[in-house]
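Noted in Swiss-Prot for the protein shown:
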| type | residues | note |
| --- | --- | --- |
| BINDING | Asn18, Leu20, Gly45, Glu66, Asp91, Asn113 | S-adenosyl-L-methionine binding site |
Amino acid sequence: MNNRVHQGHLARKRFGQNFLNDQFVIDSIVSAINPQKGQAMVEIGPGLAALTEPVGERLDKLTVIELDRDLAARLQTHPFLGPKLTIYQQDAMTFNFGELAEKMGQPLRVFGNLPYNISTPLMFHLFSYTDAIADMHFMLQKEVVNRLVAGPNSKAYGRLSVMAQYYCNVIPVLEVPPSAFTPPPKVDSAVVRLVPHATMPHPVKDVRVLSRITTEAFNQRRKTIRNSLGNLFSVEVLTGMGIDPAMRAENISVAQYCQMANYLAENALLQES
């Protein structure tokens, strides 16, 4: 039997589809999400409704975003979920979550078993809507969760770590083996909770500057910042901020990156390119 077929649906590689089918894992995720009636719950990539059904059972209304037209059609005719669902057959990568929160009159609670081939760019898309999001629970490749939660001085620490922790409190929830899916992915998975900061611990004047600095630093992560960011900061400026120019990108904390971004923004030293 083709192990890419689950409940009569052929998993599509181009959509990165792996369907969750382990009841213990499903129950654990739903318990972590803890959906409540009256909340603006939004699922990205409901697939064959492994999470949609148990979450939907607890709710009067549930919004889902599903790119695959066949799966969206199945949900429309679902025996008990159908009437509760608002289905957007759209790409989550271009979806306007701010408009949806405005329409629903409250911040969104977003969850999903995300396609691993788009998980990182989708995270960055969602970060731009954190003022419209109450919290997020996602199943991701374990390596991506490790990067989201990583601190300085570790190999996993990178641009994703800095930007995620700038916007959110990031909490690992549970690890999930490949056997919990059909077809089984070639990697381990994990569930993570991201809660946007109510008050930014390290506010920056222009987040585009922070994004630019972290991109340049981590694109040359083996170099010291004296070299990788030498076009933006002199040794004297770095030292004046209490940042050792001999450090590499992975040694610099989120707070220090924010400090550097604010220096550039305050002094109008970064030209858009």
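Note that Cβ sites are derived from N, Cα and C of the backbone, with glycine treated the same way.
Around Asn113 (S-adenosyl-L-methionine binding site), taking its Cβ as the centre, 26 other Cβ atoms fall within 10 Å, counting all chains.
Sorting the binding-site residues Glu66, Asp91 by the number of other Cβ atoms within 10 Å puts Glu66 first.
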